[in-house]
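**Q** In case it helps, Swiss-Prot gives these features for our protein:
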BINDING   207, 608, 611  Na(+) binding site
SITE      364  site 'Transition state stabilizer'
SITE      398  site 'Transition state stabilizer'
BINDING   423, 425, 468  Mg(2+) 1 binding site
ACT_SITE  468  active site, proton donor
ACT_SITE  544  active site, nucleophile
BINDING   604  Mg(2+) 2 binding site
């Protein structure tokens, strides 16, 4: 780029700037903003650039030395030159809603303002930031000093020392301005006037909190008079994936006279070892009849057998690009690069020749205390958690992330889909702006600047044109621009149907494994069917799937079975990473996590912002364990039981197993019988068949026999501690046949009869059944009462988010499970005891009770309990029942009762240790588990059914001992309180602890959260049932 020697033109005054109303104009995406470029540091030493040492020419302005003047509308001109009396110290970066100004708004689809594009409300909250700084004389006297804002929401005008500098919109990409003409000795003052709403807001309708302010870092950068203004680095591998080339394109900014004698050098390093270097004078070959680019240089370096970059092996090189005048170094810039080749071949997305399996997740930039301000420590925390839980990819949903994010993904190893900051979900139709050429400049700026800013990062393997904006000519045009300007990466875009001509990858959201969703104009086929449609040859990667809202992620293992079975189903990105809740002190003084509506924000979409695999503070949900297991890199097959042989397959594409040990154990009823370990030595994509035991000999009477295998990493890695578990699997083994001897019981329990109760006594045990209600109302041991409530049938659960769907008070969805249960009267059934008989049998006393559950006058459920009391203090309870066919499938069939709290851990023989449900239990293992009572609850922010453990054979908690085959939960919260409480921090302590025993429990679903997503096999569709449990209290 050539620059002239002339001075700066006259700048408009404050009133003229505001009179233009740039924030209402979608064609004005910026004024005086510098062209987008990769992150610069302007080192003046080549080795400092190589070693990424702090640059004296780049200074961060973050901190508390700034002030903010809030206004409901545009402020007076005094803010340009002075801090007003109502200004307040405000940290930069921050969202001003998190600092006590204005309210955050959470909406999913609906725009938070009236839909009148491109204009926005006249009442437009505006914050004027005042930032003070000083610069060295050398910065003012030589070169160019830039101010760089990494992120400002949503648009801003900039003044320096009272003089207008420029304007920018697009809240998620850096905006740089030349401050050189405005600087003065000593103190310099910036005024940044930030508007909450702008024309750009119509392109930023993402499912997130709507916040404002300077929320990313601010930098000062001093570049020399002749300077690098853009550098594009394209590492590539040859067709054999053996040797590499580094293609370099650099653009210089200087006067025409100064261009002569300049040259650009490139050196490539790993640590202190140099692998390649070259230098070339400015000027390109002739382009056309008008000549060549005098200010640009294009050349390549050959690199023999470079180490490849992948998420498994993130081998980074340091590319140092230098600008020279003769032998004088003017400037050095440097970036981490990686040699890898992304291509779509034979219908498969391939990296370095191998088909990828995307273990992905969508991630918003969100922090529960700081809003959308995310620090490097926060980023590292997310990356480590993702890597530890077998994720290899992340989609930047739905906007480019802070620049440091990509640098970290390069180093730690994550594949990134970089997505343009474009979403118009609330438009009707959705493509209203996408198909309007008047909006092409705004669309174009967001896509092209994203690419120009981020294209040097090896972690970015796919560009995305945005999210949920429909299909239109603007996206078509930008697809073709991308294919011309960066042919090294594929492009994806879901809008308009997920398989349009503007995407290289079929990338639907929430398509099911099998079931079609024939949505008008944009049908979603089952993913197996989609790849088999006539003429369709593209890979399919779900840009969003497995909506992880609250207690969810059912059916997740089904997706991964399909991914492994069909090569062109190459994975997907779970929605989403973290619950977007905000820590708040509520009006009553309580502190908890807030969601939509908790700040008086209207419109709002309530708790729909909480779809994470982790809580806002990054504490994992149980569903994260399910995701980790389904995505694990090792697969296991049981080949035979005697000898005990298994096959282990590595799904690593690029790394051998150089830090993996297999540990195995055979257990019977939770007791270890055999165990061992061995070192895995597998090549990439390798497998091995291993004999664990030559002969499996089990003791007589052994039951519940399981083989457990797990792969751990003995040595710490860059992203995990030593002994990190990366994979595990269980297999049931056949148990030897055996006959159980019936117990030798003492005398029969006594049966004491009165008009009101049946009373059964056996030693210190005393049970009391109310003959009117049929309920076991009292159970005393040694005169001490055990029950706080009677044992009762339980047919309901506190509705999950997936049960509620989109149903709200003002907008009922009759298809939602909660509405079907409500309209069927399930929450208001009346129990009437129609039978309560007692008799003494040969070895026990039997109480036989039957209840009719009425909906009005109609019997809709019949429940029959046979309570067998034995002299050893055992209650064996056999339950059978049936429901009317007019009732929808029930959420559960079981019983519950409340008992006094005990200071004892909960121990069980069954699936665990984490919460699991019938359609989300692949990751749970059968064993003897023990956990404190507090760990048996999952405190979902919006309270719901939680804490279940499935397929249990024995439960022991203090004096309580329960056996049979059942699912259970033990927690200090009643179903009723869970149903009636809208935030977890409002849950109140109850008198005791509730034990729930389920014979049957419906799945949780999770393909999405707005349609009934529980698969048929996990519905309680049967109209008859039976189960049996035995209870003892000692």
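Sequential numbering from 1, following the chain as shown.
Including glycine, each Cβ sits where the backbone N, Cα and C put it.
So where do these features actually land, and what's packed around them?
**A** Its Cβ placed at the centre, residue 207 (Na(+) binding site) has 23 other Cβ atoms within 10 Å.
Residues near residue 364 (site 'Transition state stabilizer') in space but far in sequence (CB under 8 A, at least 6 apart, same chain), listed by position: 206, 208, 397, 576, 577, 578, 580.
Look at residue 398 (site 'Transition state stabilizer'): DSSP puts it in coil.
The number of other CB atoms found within 10 A of the CB of residue 425 (Mg(2+) 1 binding site), across every protein chain shown, is 19.
Neighbour count (other Cβ atoms within 10 Å of the Cβ, all protein chains): 21 for residue 468 (Mg(2+) 1 binding site).
Secondary structure from DSSP puts residue 544 (active site, nucleophile) in a beta strand.
Around residue 604 (Mg(2+) 2 binding site), the C-beta neighbours below 8 angstroms that are at least 6 residues distant in the chain are 105, 106, 107, 596, 597. Secondary structure at residue 604 (Mg(2+) 2 binding site), taken from DSSP and collapsed to helix, strand or coil, is coil.
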**Q** For residue 398 (site 'Transition state stabilizer'), which of the listed recorded positions (425, 544, 608, 611) have their CA atom within 10 A of its CA?
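**A** Passing the 10 Å Cα cut: none.
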**Q** Mind giving me a neighbour count for residue 423 (Mg(2+) 1 binding site)? Other Cβ atoms within 10 Å of its Cβ, every protein chain shown.
**A** 25
**Q** Where residue 468 (Mg(2+) 1 binding site) and residue 544 (active site, nucleophile) are concerned, what is their Cα separation in Å, rounded?
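**A** Just about 11 Å between their Cα atoms.
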**Q** Using the recorded Na(+) site (207, 608, 611) as reference, state which further residues of the same chain have their Cβ within 8 Å of the centre of those residues' Cβ atoms, listed in sequence order.
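**A** Near the Na(+) site, beyond 207, 608, 611, sit 108, 549, 575, 576, 580, 605, 609, 610.
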**Q** Relative to the Cβ of residue 611 (Na(+) binding site), which residues of the same chain, six or more apart in sequence, are found under 8 Å away?
**A** 547, 548, 549, 575, 576, 579, 580, 1009
**Q** Excluding 423, 425, 468, which residues of the same chain place their Cβ within 8 Å of the centroid of the Cβ atoms of the recorded Mg(2+) 1 site?
**A** 109, 205, 206, 207, 398, 424, 426, 430, 466, 467, 469, 495
**Q** What's the number of neighbouring CB atoms sitting within 10 A of the CB on residue 544 (active site, nucleophile)?
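**A** Step by step: centre on the Cβ of residue 544 (active site, nucleophile), count other Cβ atoms within 10 Å, giving 25.
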